[in-house]
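**Student:** Sharing the features that TrEMBL gives for it:
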type	residues	note
TRANSMEM	7-30	transmembrane segment
DOMAIN	8-442	domain 'Major facilitator superfamily (MFS) profile'
TRANSMEM	50-71	transmembrane segment
TRANSMEM	78-97	transmembrane segment
TRANSMEM	103-124	transmembrane segment
TRANSMEM	136-156	transmembrane segment
TRANSMEM	162-181	transmembrane segment
TRANSMEM	244-266	transmembrane segment
TRANSMEM	281-303	transmembrane segment
TRANSMEM	310-332	transmembrane segment
TRANSMEM	352-377	transmembrane segment
TRANSMEM	389-406	transmembrane segment
TRANSMEM	418-438	transmembrane segment
Amino acid sequence: SKIPLFFYSGIMVLGAVSTGLMLGLSAPIIPKMETDKSPNAIHVDKSEASWIGSLLMLGGMVGGPIAGIFMQHFGRKPTAIASGIPYVGGLLMISFAKNVWMVYAGRVITGVAMAFTSLAVPTYVSEISTKGLRGLLGSGNQLGITLGVFISYAAGELPWRTLPLVLAGIPVLFVICCLILPETPQFLCMENKPSEAARALQKIRGKNANINSELEGIQQTLSLSMDSASWIEIVTTSSMRWPLLLSILSMFLQQFSGINCIMFYFHTIFQASRFTTSSQLYMASLLVAGVQVLFTVVSCLLVDRAGRRFLLILSGSVMAISMVTFGLYFQLFSSKTFTNNLLLIFLLDLNWLALTSMMVYIIAFSLGLGPIPWLLMVELIPLRARAKSSGCVIAFNLLFAFLTTKEFHDLIATSDQATFWMFGGICVLSVLFVIFLLPETKGRTFEEIERYFQRD
């Protein structure tokens, strides 16, 4: 029966929803903080608002390696449960903040929690999945993130101090539900607990399932060594080094494709497209988040049919075209040669170009570069190196997100069009990366993928 597999995966995806809540939180609370006139208001300027948005990533950078060490010693399930305390603690600190420094601290603490779930969720779901469903269920991580962002936007009409308290309910629910999860058979085998691994696998596959061959496959993978790989072994062994490098590169291409900057810019684009009232902008934000959710669902359904490489190539190609078109939009309006041109009448109605480019870009990102790098991180990295290497990959992912989020204002101030053309160039690089370096993992077991990289 596949029901237990989907049920346990669904519980774990609540952790990804919690991650999305944290990513989406700054968008509704920062404007409300800037206009707050209550007696306990905390007024923030543009620089402070930028830090509120980016410190979440900084907390995640610190939390990534810590989460990796924690997961290596205690397992996937305890790592997920441990995220609850910093999630709730950080959100309470934001809600009851007396000054902007408490808001900063709350964002850093929730960033640490986000690193724990960003590691535990894709690892747990991919390890319990069958090879035929690993793409569908593994992509659920990004689906949960987009759903969390949508919930944050949808609840954005609440007062900014109330919003974190309401959102804290989902991490609490996640931790409670995690208590009934079995640990992954892979981790239990690594801990030399074969009988517990067999019971866990039977619980996941259903009481009537024949688990012998699958359990033997896991044990054979670990037959040479049951110990977690050291950093020296990870760096010097090709079957561990190359998957780590490919995972970091895929995360670099995901973040430097410009997604965070597009999400930052969409309010401005909608305003230029005559979405001017607060209710119109609120509905516009729900439209953007809803499109992400919808097309991430489409990606989940396609990834095991079309394959990872095809969706990444399609995604990167369409995103590159969208970024070039976006840059063209800004180039046309910044060019002085158009000032006295009769075409100016036409150009004044070119807001549709920016709006269309943005929506096409978000759709393409949701199909490929959004969900698939998270799936590849677990598929490529061998079991013995998974905790350490995945923690490192998540730290790099959040470092890249921090850099793009924090430096976007300076890049835009230098040149709008050049910034988006740079992102377009990186999208082209993502296509070349997939074509020349990334193997297809569709339909392969973890053991088959590991053998592919054994080139020593």
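Here the Cβ of each residue, glycine as well, is placed from N, Cα and C on the backbone.
Describe the structural surroundings of these features, if you would.
**Tutor:** Each residue in the domain 'Major facilitator superfamily (MFS) profile' (8-442) has a pLDDT score, and their mean in this model is 88.
Distant neighbours of the transmembrane segment (50-71): 22-23, 26, 29-30, 33, 44, 78-79, 82, 86, 100, 103-104, 107-116, 118-120, 123, 264, 387-399, 401-402, 405-406, 409; these residues of the same chain sit at least 6 beyond its ends, with a Cβ under 8 Å from one of its Cβ atoms.
Tertiary proximity for the transmembrane segment (103-124) is limited to same-chain residues at least six positions away from its ends with a CB under 8 Å from its CB atoms, namely 12-13, 15-16, 18-19, 22-23, 26, 33, 42, 51-52, 55-64, 66-68, 70-71, 76-77, 79-80, 82-87, 89-94, 97, 138, 141, 144, 164, 171, 174, 181, 184, 374-375, 377-378, 386-387, 390-391, 394-395, 397-398.
When Cβ-Cβ distances below 8 Å are used as the criterion, the transmembrane segment (136-156) is approached by residues 5-6, 9-10, 13-25, 27-29, 121-122, 125-126, 129, 163, 166-167, 170, 282, 285-286, 289-290, 292-293, 296-297, 299-301, 303-304, 366, 370-372, 374-375, 378-379 of the same chain, each at least six residues removed from its ends.
Among residues of the same chain six or more beyond the transmembrane segment (418-438), those with a C-beta under 8 A of the stretch's C-beta atoms are 246, 249-250, 253, 256-258, 261, 308-309, 312-313, 315-317, 319-324, 326-327, 330, 369, 376, 408, 411-412.
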